[in-house]
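Chemist: Quick one: the structure is below, and I'll ask about it shortly.
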Amino acid sequence: MPPPRGSSILRNLQSQCSNRLFHAGDSIVTRCPRPIPTRSPVQPGAHNRTFTTRTLRPRLPFQSSIYLRQFSTTSYLSHGHLTHPKPGEELKVTFVTKEGNEFTFEVAEGDNLLDIGQAHDLEMEGACGGSCACSTCHVIVEDQEMYDLLEEPDDDENDMLDLAFGLTETSRLGCQVKMKKDIDGLKVKLPAMTRNLQASDFK
Amino acid sequence: MKYILRHPLTRSAAWRSQRTSCNPRFINTLHQPGDPKVASRRADAPFRLAIIGSGPSGFYTAYRVQSKLPTARIDMYEALPVPFGLVRFGVAPDHPEVKFCINKFDEVARHPNFTYIGNTPIGSESLPFSSLLPNYNAILLSYGASKDKTLNLPGESILSGIHSARAFVGWYNGLPEHRNLNPDLERSDGKAVVIGQGNVALDVARILLTGVDELRKTDITEYALEALSGSKIKEVEVVGRRGPLQAAFTIKEVRELMTLPSVGFEPVPPSIIPQDTSTLPRAKKRLMDTINKGTKSYPLEKNWKLSFFSSPTAFLSSSSNPGQLSHIRFEKTAPVEGTNGDKVVGTGEHKDVYASLAFRSIGYKSEPISGMIEAGIPFDEKKGVVCNTLGRVARPTPEGDIQVPGMYTTGWVRRGPTGIIASTMMDAFDAGDNIVNDWLSGVEFLGEQGDVRMGWEAVKREHSNIGLKAVHWSDWDKIDKAEKERGKKIGKEREKFGTEEEMMAIV
């Protein structure tokens, strides 16, 4: 099927699809629907969903009917940092949003938590672009044992964590935590934004 | 059913006192959950927001509003032709990674419902504040802190060689206001004193001590580089009124100074700084450990030190050169018991520190925009902030704070000049959430329910009378491109234009 003229988004989509998800000759229209989330058998519950990298975006609470869905030209596809996991080598990582909703993604080894969170439109900022120069991608590892399996944070990361709000014993910067086989099933919490910020909070 | 709320300032005290049963600290007179008189607005009701100031707080708020209410039309006013406020003019040139947030801001600015209006100061001398009021549903004050605090000491304003750190930072970062600062870095005594112990003070120390070959790779202005290459400064003393545990600087900035090549750190006497840090909170512990560890060797070619418990009392000159700073008199201080070291008191003991260059780095302050007070926006002169409750502009009364409809504030003009980019971002997200939630819940904004506000399209007509050319995002693109090209020629990422005339010539 020839690429539709004048539609760079569709072209983009087609290249993504044909590269990664589809066989040559498949029709985009029939084979590129919005994928349906598959519920994870190990994590039942209304808010627990499993997603595979690059296949779909979770529906976030703020995208409820009261707010309009934003058409974003910088979708997760353009972040371009994520690698597609090889079949059988998917690692699971779960994010718990500040509202308490859980999202599980299947990702490849080597991807960092900031890229994963942003690729799936979670409310996770990386003001410094993942260069360990701010504390906006602060995450809290839920399980102490899992935290101990991570590589120790270096001085630069600790310096930034010192400035993070709601710092805990198991806090890390998302941009510095890379997925590995031994931390398959990692679960991290996004810290609640602190309301009631006053000047004294910054001293 | 159309319901028009009365302006809160015109409501009777009795009406207000009925409401004290909610949060006694904050009486949100505009929105009471379950108030039958408040009809919520549709998400696609036309909403016009003016943002004053294009620094990180303004942009992060715009980002939040855009993501929650994509139909909102946002106009951002900036006094200078170029955007980004302190990210461009405050963040040190050797911290390029901190400026990465500009990519996000650029994305925000390219949103079809966003208009950037640069080269347009708001105030009596150019575009009056009052001309915004009839054209917007809401106004966000995020214009930061444009003045710096002074010590008001003898000699401070008379002697040459005394600069505000803010001006120095503006000078090396290309802020047009301070283009002609020309600090005299070539005086032979080779010593500079920085008064104040925040991150700006350490930025000043670091720029003075870093080798120019390192700085040459950054986007520091060429004229600053030239002046710094002739600098004879070999020693920098950073002085604070209180103790090490009260210092406001953060560990990253200290660590950077400790790892500068051929720069030594004079150890802090053990009597002043805690040696056993195991009981301190994590951040303080790590900071004290870093200071105690110091540099591998001392003294080296260039050196710096931290002095504590010293409060300046006078700037003095020598009799041979009466117009030039020669030394600064400090009074030793001691912590007041029971205040945990937060308060100090003079001991009456003085010492003189000889230096021909001094930088005052004791903080910034905000000022009200002219016409703002008249528009009903309360300003706390003492704290130097717009009176607000969690970012909603609110007038304090004995019964509680009363929200001023349609007025919001964020960033340093809201909470004072402290905090890093992460705190500014969170503060801005709060402001954005408040604006969107208030709008959707149907509370009173500027004008009456159902008014259609024209925003920049209407302001534009008045703007054409003030004789300033508005700079839009496409114009900034041109300036940006020209600066990058200038930089490329001399092997830098960017060479900023130092004057507004140069910027406008590109447009």
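Each residue's number is its place along the chain shown, starting with 1.
Even glycines carry a Cβ here, placed using N, Cα and C.
TrEMBL does not curate its annotations; it predicts them automatically.
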Chemist: Quick one: which of B:E235, B:E253 does TrEMBL put in the NADP(+) site with B:Q197, B:G198, B:N199, B:V200, B:R241, B:R242, B:G419?
Modeler: B:E253
Chemist: Of the binding-site residues B:Q197, B:V200, B:R242, which one has its Cα closest to the Cα of B:G419 (FAD binding site)?
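Modeler: With Cα distances computed to B:G419 (FAD binding site), the winner among B:Q197, B:V200, B:R242 is B:V200.
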Chemist: Cβ under 8 Å from chain A: which of the binding-site residues B:E78, B:I122, B:Q197, B:R242 qualify?
Modeler: none
Chemist: Give me the Cα-Cα distance between B:G198 (NADP(+) binding site) and B:I421 (FAD binding site), rounded to a whole Å.
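Modeler: Between the alpha carbons of B:G198 (NADP(+) binding site) and B:I421 (FAD binding site) there are 15 Å.
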Chemist: Using C-alpha positions only, work out which of the binding-site residues B:N199, B:V200, B:R241, B:E253 is nearest to B:I122 (FAD binding site).
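Modeler: Considering only the listed binding-site residues, the nearest one is B:V200.
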Chemist: State, in Å as a whole number, the widest CA to CA span among the FAD-binding residues B:S57, B:E78, B:L86, B:I122, B:W412, B:G419, B:I420, B:I421 given in the record.
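Modeler: For the residues that bind FAD, the greatest Cα distance is 26 Å.
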Chemist: Relative to the Cα of B:N199 (NADP(+) binding site), which of the binding-site residues B:S57, B:E78, B:W412, B:I420, B:I421 has the closest Cα?
Modeler: B:I420
Chemist: Rank aside, I only need the closest one: which of the binding-site residues B:S57, B:E78, B:L86, B:I420, B:I421 has its C-alpha nearest to that of B:R241 (NADP(+) binding site)?
Modeler: B:I420
Chemist: With the NADP(+) site defined by the record as B:Q197, B:G198, B:N199, B:V200, B:R241, B:R242, B:E253, B:G419, how many Å span the farthest pair of C-alpha atoms?
Modeler: 20
Chemist: These are the binding-site residues: B:S57, B:N199. Which one scores highest on other Cβ atoms within 10 Å?
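Modeler: Checking each of B:S57, B:N199, the winner is B:S57.
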